[in-house]
Structures are given as structure tokens and as C-alpha cells.
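Here is what TrEMBL records for this protein:
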BINDING   B:152, B:178, B:189, B:275, B:398  substrate binding site
ACT_SITE  B:189  active site, nucleophile
């Protein structure tokens, strides 16, 4: 598998075009409307927010993605169109309908996503009148404009692509993302869009997307909130002409690796683009009975405010890590727990290893990217989770967001 | 039920004495060792941390509280004696043993509690050598010293008392508390000690304590962490000579009310004594199918960083409240949700009520104590939860705690 940077992103796979433009929804005049369109019908899959309050775009896309022949994804930023009652539902449907006229396809073949402020009516006039321009400007070269049009408080656009062989044919995967429930938590929305020219069966594509999402986007947190609009979608148009990938075919693992590679790159870009984030912490929990147990413990640590503020303050306070481990809901045994900061052993069998080790651990904590490893001493399963520190800047940003779309 | 302020606290009930002193464990020379002792054997009940990593004091007290004839509680502050391995267990047992010699009782009649830094060995010499003085100074007048000796970063000691009639006899309840997992979250330990001269059966006392704790101490959060040391204990010595209270006796509700009244006072004192806290928010969730559902939704709001920072910033961002409601795990219906800030309606049937209402709500948010009400429109059950804002000061405090015991 080779991977080329800054070349194609979402339009890197064959048969995809993209665009992005300024419709005027954002007061700051930045791009706020994006389109991804495939020349041919696509197999599609999606993972969506677990929040029970879902934006109309989420409800509509999660319904439509079950169907067949998906052709396009339209994304607006600056307004989440969430909690807008029936008007919000009508507006979202209307965007799809109007777009379908310009694309000449059934509206049910169009997926939608939105991100931005909650509870404000969409400026439909601006969006609808920008649609013809959005369709006309869609091109292979439009990947960067497309990535920009989905940004909110992101400081950089996020694109990635990978190519490799699937059942002996060259296959490409591309993707774009915006932060961020976890990075710019004030927006609390994560959007990820992926394309591939692989031929793949729907069930296989669904499994690939959900497993990759669990390992990447669903394994990071800044504040533990899940937005009304979180969405990850993948379109596969089969233009690579490979033998269609099924769950049991040889190509499955190859395609899985390509999608994982793109999503890991997007995750890394998301994590590094955090306002108010001074440190990134990779939490590895091992020695668990099950992967799910490991994940729960890692998540408990990742979400603990006391742990996150300790990282911000570069305070080697392993007691807080123990507290978070004990709060995870997973059965643990204090006397079996080992904790490492980077390569420095801090706790062995539940007991601190003393001041000298703490001094060494402090050197690790001064870095910007830190691996914290907790071994439970119960089984052999492992999971990782990404988190950030909790900084004074985080509070400043989040204490006064609404005014600045 | 009448209630007298600043008179007696933990020794307000008949037959209790108390003391508190400086053993030298705290580097700042503040009181760090307290004793509550009953002249007669007590019926006892306790509620303890749900964290699986428990300090030896918690493990020992939760075992002993099942027995009978409890005589005393000894509390040390400044060192949690948690995560100290077998040495920690030995030290805790030894404190009880030494104290039992001075009190002339079986060591199993002594309960223990600790609060402070995790993972540091107890200075046993200081504690053990202070025990004779601690026992000798125990008196009816020692309630204030006792309340001071359990403090960590509390700025004020917390005492409360109440008296009333139980089955026609005058009965007294007293209590002290320190914060707090929720108020001074860096300590992450809540300790509550209650005394009563009521005669009461063990099962009735257990039920009263657990129900009162659920309504008060277990319904508040700053950071959602549960400490290794959280403990609430109640001793009942029967000196009031009332007809023993059982679950089905007329006196049950009377005693329950007295205990609740003391704990509500202690909770209010805890909430108001928060470093880094600029606002206190009472969250009332109504219209739920069950009380537990209401509680879960209230807790989800109470723990949301985005909600807490919005309160700090006085930002009428009801979208964040909706997000937290949707993340609670309870089945909710967006189109039935109403939100009120104080008396100001902000959201009706899932839709925002506009800029004018938001301006009015902003006036409410400028206050120091705010009631947020969320109606789910499903059933008739209600629960409340207390939280605080998340301030810049919170991060400052928690980013560098360990050094300053």
C-alpha cells in the first residue's frame, strides 16, 4: 500500500468530483457549502451520532444510506439545523430535492450533513440559490474547496488518501474530515466523508466503516459529548473494476487497511488541530479480559477531568489515574495494576514506585504527545483511546462560543 | 421539627463526644485528626464510594459497619492512605487497634475514614502518638475542632444539627462534612459523619442513610469523579430513649426528615464553599417516566463540560443542554422537550423560543444560583441534581494540586 499526500483527497478515487463555496450562511464569509458527487451509483454506509436528539440531516441520511444507488453528499456548515422542529426537517428535505433536480437523480440518492450552531433556522434562500453553482463547479480538482466548505472552527482543512491493491486491482480511498466533538468541543460535531472506487458489497462496506470508526474517531474524546450531527459516510462506486469485495473475500482485509489508513491520517490531523489543546495523550490499556473492558477503562481515563487537568499542569498525579481506572465500571484489582508514563514505570502492582520515577515521568509529561499505558494484569486484551489535556484556554473558548459562528 | 444553628453539630445528640487536633501529617500545620465517640454502643450504617479502588479505611469500615456495637469513628486528613498496598492496610488497622486500647473497646467497634493525597505512606508515628490526646480531649464541646480536623481544601468547616419528635420523644441528629469530589474536585473526596441519639433498628437506619444520600450528596457533581475514599457514616446510640424506629413504625418518617434536614444543610454548605466555582446550578428534570430516568438526564446535564462552561461564560446556549439530554441514555423525544432557565421559557416542544426569551434567560444566568428546569413530556416523575460551572479557576486549581497538601 503506497500513499500520496496532498493529491486528490476526497476525489482521489476514480469517478468522484467535489466542490465547495461561500453561500453566505457563515457571517465571516468563509466557505460553508460542499458537495461530493459520484459519476456512477454508489454502495454507501454510514455511522451516526448516538445522541437521541438528531439533526434532520442525520435522520434523513441514516434512512437513505440503507437504500441503494447513492450519488452525492451535500454538506452545509455554520448552522447545524438541529432542534429546529418540523421546519428543520422540511428545510433539509428541500435542499436534497433542489439538489437532485440539478444532478438529475432521485432525491433519495442524496445524503446530507450539517454542522454549526444548534437551534437557528437555516437561511434557505442562500443555500438553495448556491446549489447550481455548487453542482457546476464540482470537479476532480475541487477536493480542497470541498474540504474547506465543511470546516467550522478548524484552523486547517483535513484530507487524506491511500491506494493499494485489492484482489489484484489498484483501488483508491479518499477522505475529508472536520473537527470536532473532541478537538473544538464547542462545535461538538465530527464529520467524516470517505470515497473509494472499489467494488464492494454493502454488508462488507458497513462492517469496514464501523470497525474503522471504532478504532479511530470513536476512540478519542475531549469532553465526552456526542453531538446531534456527528456523521461518517463512505461511498464506493466500483470504478476500480475489482472483483467485488465481500466479507469473506481476499480483498476484504486489503480494503479495510486502506480505509483504516485514511481514517488514521484524518484522526491525527483532527487531534493536532485543537484550539485550547496543549497536549495529546494516547491511552493504551492492556492486560484486560476483553477488548471492550480495555476500551471502557481507557475511556474512563480519557474522560476524567482530574486526569486531563493534571496533564495540562504537568502534574505526575497517578492517583487520579487509579481513581479513573476504578471508576470505569470494569472489574479491576488494585494490586495488579501497573502504570507507565511513556516508558517510565510509575506504579507496580497498585503501589507507587517513588519520587525518582515520578521525576522521570515528569520529563515525559512535558512533551506535547504522551503515551500513558495502564496494565490491568487480568487478561491479554488491549485497546487505545486518544484524549487531550484540559486547559485554561479550553474554558475560555467554550465559555463564549455562540456569538462567533 | 426545629433546628438550632451553631449549637452542637456532631455532638448535638445525647451521649456523643468529639475532638480534633494537629498531628502534624499536614505540612501546613492545620488540624488533621478527628474523633467522634459515643458513650454507648451504636447501631451504625454507611454508604461508600462505588470506585473499585478503595482506600483501606473504606474497606475496613464497610466491613465493620455490618457488625454491631460501634463506638467511634476516627478520621485523618491530608493523606488518603489509598493505593499504598499492604502497608496501607496494615497502617489503617493499626490506627484502629491503638485507638481501641485508649478507648477500652474492641477494635472492630471503631470505624475509620481518610482523605488527602493518594499513594503516599501515612506518617504513622505522628498519628499514633496523637491518639491519647485525641481521646482525652473528646468532649461535647469538641464538635467544632472535630469538624475542622477533617477539612482539606475546604475554606470553612461544615456542621449541622436538627431536633424533633420521634414517636413522641425528643430526638437529635447532628453531622459534619468535608468537600469534596464535587466542590474541591482536586481532593475528590466527600466525607460525611452523622450522629443521632434515636433508637433505631439497623435496617431502618441503612435505608434512611442510603435514601438521604441519594437525594443529597449523590446528587451533586463538579467533575463526575468518585474518589477512593468517599464515605458517609451514621451512628445511632439510642440515648433519646424513644420507641426503636423500624421501617414500618410511625417514627420512621420523622427520623428520616431529621436526617434529611441535616444532610441538606451540609450539602448546601458544601456547594457554597467551592474554590473555582462561580455559579451553582440546580438542575430539575421533570416529566420523566421514572425517577431514575429523570435522575439520569439531570446527571448527564450536570456532567456536560459544554453546559458547565456555558454557565461560566453566561452563554444562553440551550443547544448544549439539548445535546446533554440526548446523551443521557434515556429515551427522550425532541419534540416534547421544554427548557426553562429560572422561570424563563427557552425551548418549547424542542424548538427555541427566540432572541427575546434568550435575553431574559441571560439575566437569570448572571445570578450565582440558578435553577435549570427540563421537562421531558413523557411522564410525571422528577429528580434534581446539583452542579457547578466550570471555570478557568477550576483548571488552575486542578492543574497543580499535588504539591499543596
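Here the Cβ of each residue, glycine as well, is placed from N, Cα and C on the backbone.
Automatic, uncurated: that is what TrEMBL annotation is.
In the three-state DSSP scheme, residue B:178 (substrate binding site) falls into the strand class. The binding-site residues under consideration are B:152, B:189. Their Cβ neighbour counts within 10 Å are lowest for B:152. Of all Cβ atoms in the protein chains displayed, 30 besides its own lie within 10 Å of the Cβ of residue B:178 (substrate binding site).
Reduced to three states, the DSSP call for residue B:152 (substrate binding site) is coil.
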